Structure formats: C-alpha cells, structure tokens
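As written in TrEMBL, here are the features:
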type     : residues                                   : note
ACT_SITE : D253                                       : active site
BINDING  : H19, H21, K105, D253                       : Zn(2+) 1 binding site
BINDING  : H21, L22, R23, N47, H142, L225, H257, A269 : substrate binding site
BINDING  : K105, H142, H180                           : Zn(2+) 2 binding site
DOMAIN   : 17-316                                     : domain 'Amidohydrolase-related'
MOD_RES  : K105                                       : N6-carboxylysine
Amino acid sequence: MSEFDLPESITITRPDDWHVHLRDGAHLGSVVAHTAAQFARAIVMPNLKPPVTTTAAAAAYRDRIKAALPQGSDFEPLMTLYLTDNTPPDEIRRAVDSGFIHAVKLYPAGATTNSDAGVTDLRKCYATLEVMQDLDLPLLVHGEVTDNDIDLFDREAVFIERVMRPLRRDLPALPVVFEHITTKDAAQYVAEAEGPIGATITAHHLLYNRNDIFRGGIRPHYYCLPVLKREEHRLALVTAATSGDERFFLGTDSAPHGIGAKETSCGCAGCYTALHAMELYTEAFARAGALDKLEAFASLNGPAFYGLPKNDGTVTLRRETWTLPATLPFGETQVVPLNAGEPIGWKMA
Ligand SMILES: NC(=O)N[C@@H](CC(=O)O)C(=O)O
Ligand SMILES: [Zn+2]
Ligand SMILES: [Zn+2]
C-alpha cells in the first residue's frame with residue numbers, strides 16, 4: 001500500500017492492552033493516564049518490588065491504580081499474580097474467587113526486570129498449575145531461558161523446546177499466553193500448537209529489528225527483553241499479527257524506567273510506548289497494507305482469549321503527523337518515550 005492509498009482515518013472497536021507495566025507510587029501516577037487514554041482495559045504486570053504474589057496484594061495494587069486514574073476515566077485494570085516456587089494452590093482459588101485477577105505470570109528467575117523472586121524450576125509449581133488448569137486461569141509466560149551459555153538472541157527459541165513444550169504436554173488444557181514474542185520460532189509454535197494458547201506482540205517488535213539498537217551508536221531506549229531480533233523475525237511477527245489468526249493479540253509491554261536507569265553503564269530493559277501505542281501499531285499495520293486486520297488484533301482476539309466481552313465504543317486514528325516529546329514526567333524524574341523527539345504519522349482522536 002503506498003502512502004496515497006492510505007485512508008485518512010481508521011475507526012475500530014476500543015482496544016485493550018494485554019501486557020503493560022504500570023509501576024507503582026509516583027511512577028504509577030505519571031504513566032497510568034497514558035494507558036487509560038489509549039485502552040479500555042489492560043492486563044497489569046505484577047513485577048513490582050516486592051512482587052504482587054497474593055490476591056490481597058493485587059487488591060491493594062488495583063486500588064492504587066484506580067486512585068491514580070484521571071477523574072472520569074472508566075479504565076479497568078485486569079490484575080495478575082506473580083508466580084513463585086512457593087505460590088500455594090489455595091492462592092489460585094482466592095485469585096479466581098476475587099473476580100479481578102485474570103492470570104498468573106511466570107518469570108523465570110533472573111530473566112528480566114524484577115524477576116529475582118521468579119520461578120527457579122517449573123516442576124516446583126505443578127500442584128499450583130494444576131489448579132490453574134482446573135479453574136481455567138491463564139498462565140502468562142516470559143519465554144526466555146536464563147542459562148548463561150545460551151546466546152541472548154537464542155533464549156526464546158530454546159525456551160520453546162526446554163520449557164514450553166514439556167509444560168504444555170503435562171498440562172494440555174492450561175491456557176497459556178506466550179508474552180511479547182520476538183522470533184519466527186515463537187510465532188510458528190503459537191500458530192501450530194494444539195490446545196489453548198495465545199501470544200502478545202509489542203509495537204516495537206513489529207517496527208524495529210536489532211540494528212535499531214545500534215543505529216549510529218548505542219541506543220538504550222530500543223533495549224528491551226526479549227531483545228529485538230533479526231529482520232527475518234520482525235517480518236514473521238508482522239505476518240502473525242496481520243494474519244487475522246485469533247491467537248495473536250496486542251500487548252504493548254510498555255515498561256517505563258527513569259532516564260537515569262536507561263542512559264547509564266548498565267541500563268535497564270524496557271521501552272516506553274504507553275503514550276503512543278495505538279499510533280505505533282497503526283503505523284506497523286499500515287506499512288504491511290493490513291489496516292483491515294488491526295481491529296481483530298487490537299480489540300477482538302484478546303477479549304475472546306480471556307473470555308471477556310469486547311468493549312463498547314470505538315476509537316479513531318487519523319493520518320496526522322505530530323512530534324513525540326523528548327521526555328515525559330516520571331515521578332521524581334523523566335521517562336524517554338520510544339522515538340522521542342521524532343515525528344509519528346498517526347494520531348488518536
Ligand atoms: N520488557 C522489558 O524489557 N522489561 C519489563 C519486564 C518484562 O516484560 O520482561 C520491565 O518490567 O521493565
Ligand atoms: Zn517479560
Ligand atoms: Zn513486560
């Protein structure tokens with residue numbers, strides 16, 4: 001599709017974000033309005049310090065999120081629990097009874113930001129996972145092995161063989177979301193696997209490849225986990241997202257870190273996209289000539305997987321060029337959005 005064939009605007013059912021980091025305290029207050037302006041609901045990641053491991057902690061975090069929303073916002077946070085080696089099966093029953101917890105998150109210990117309390121060996125969690133399977137509570141997976149002898153760029157593909165296949169063989173009815181997939185291996189696995197499985201795809205993994213981390217110098221704001229991969233993988237993700245296959249849905253993985261924690265000798269992983277997520281996805285789908293597939297990916301496939309109704313109402317994205325801010329407030333400091341200071345060709349009305 002050339003620029004001349006692009007519509008002036010696109011209107012779709014109000015979308016949701018099925019993977020976002022809202023942080024806490026003053027940081028939460030700085031970022032939650034961005035997500036609430038773009039999305040009706042979001043699956044909120046539990047990797048706080050300390051992590052959200054109980055229903056009681058999730059209830060308190062949900063209250064803090066609601067209190068931090070702009071007045072009149074109807075945004076609904078969909079809460080998750082952080083799985084540890086010791087999460088008791090009873091905690092799963094409490095979570096399901098709560099009605100506001102929609103999933104449990106698996107962080108392999110050491111895989112990513114605030115994953116120290118994560119799972120060291122999934123076999124320790126089987127009694128708990130069996131209750132999740134019985135109660136149909138999805139397991140959300142950061143799918144990377146952590147072994148130092150496995151190349152950083154291979155950790156997702158190796159995870160499929162070493163963890164994902166055995167897990168889903170042992171618990172075939174457990175709903176699983178392969179979060180923020182970054183490789184053709186993961187896209188192919190999700191498309192072909194049997195049983196209840198879905199995958200989220202970020203806007204930045206649809207738009208960028210690993211060259212972008214090193215374009216003319218090292219660019220920490222393009223560093224996230226799982227790290228951007230080769231172009232062939234980006235193309236496979238675009239094909240998956242625009243295929244119409246209902247297993248693939250939107251999850252920004254917007255993951256803000258203060259500017260000082262990114263621009264430093266050992267910078268944190270995470271891209272901040274909450275401000276302009278739908279604009280970025282629209283750009284990715286427009287470049288693929290697949291704007292007609294955006295609504296399924298952003299607004300229909302996620303609710304269907306989670307057994308929730310799709311949203312009422314619509315949003316409109318107009319073809320209009322504006323410039324992203326260089327920084328945004330982030331508690332006591334600032335956060336640099338992805339593509340800071342650069343033009344972007346769509347604007348949410
Ligand atoms: N994606 C990231 O690079 N970072 C996330 C953690 C995660 O989702 O793995 C964060 O919380 O900062
Ligand atoms: Zn992750
Ligand atoms: Zn994440």
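Each residue, glycine too, has its Cβ placed from N, Cα and C.
Geometry remark: R23 (substrate binding site) versus the residue listed as 'active site', CA distance 12 Å. All protein chains considered, the CB of H257 (substrate binding site) has 26 other CB atoms within 10 Å. Cβ neighbour count for K105 (Zn(2+) 1 binding site) (all protein chains, 10 Å cutoff from its Cβ): 26. Within 10 Å of H21 (Zn(2+) 1 binding site), counting CA to CA, the recorded positions N47, H142, D253, A269 contribute N47, D253. With a 10 A radius on its CB, H21 (Zn(2+) 1 binding site) counts 25 other CB atoms from all the protein chains.
Close to ligand 2, meaning a Cβ under 6 Å from one of its atoms, are these of the binding-site residues H21, R23, H142, H257: H142. Ranking the binding-site residues H19, K105, H180 by the distance of their Cα atoms from the Cα of N47 (substrate binding site) places K105 first.
When pLDDT is averaged over the domain 'Amidohydrolase-related' (17-316), the result is 98. H19 (Zn(2+) 1 binding site) and H257 (substrate binding site) are 16 Å apart (CA-CA, integer value). Of all Cβ atoms in the protein chains displayed, 16 besides its own lie within 10 Å of the Cβ of A269 (substrate binding site).
Checking each of the recorded positions K105, H180, D253 against L22 (substrate binding site) by C-alpha distance, the shortest gap belongs to D253.
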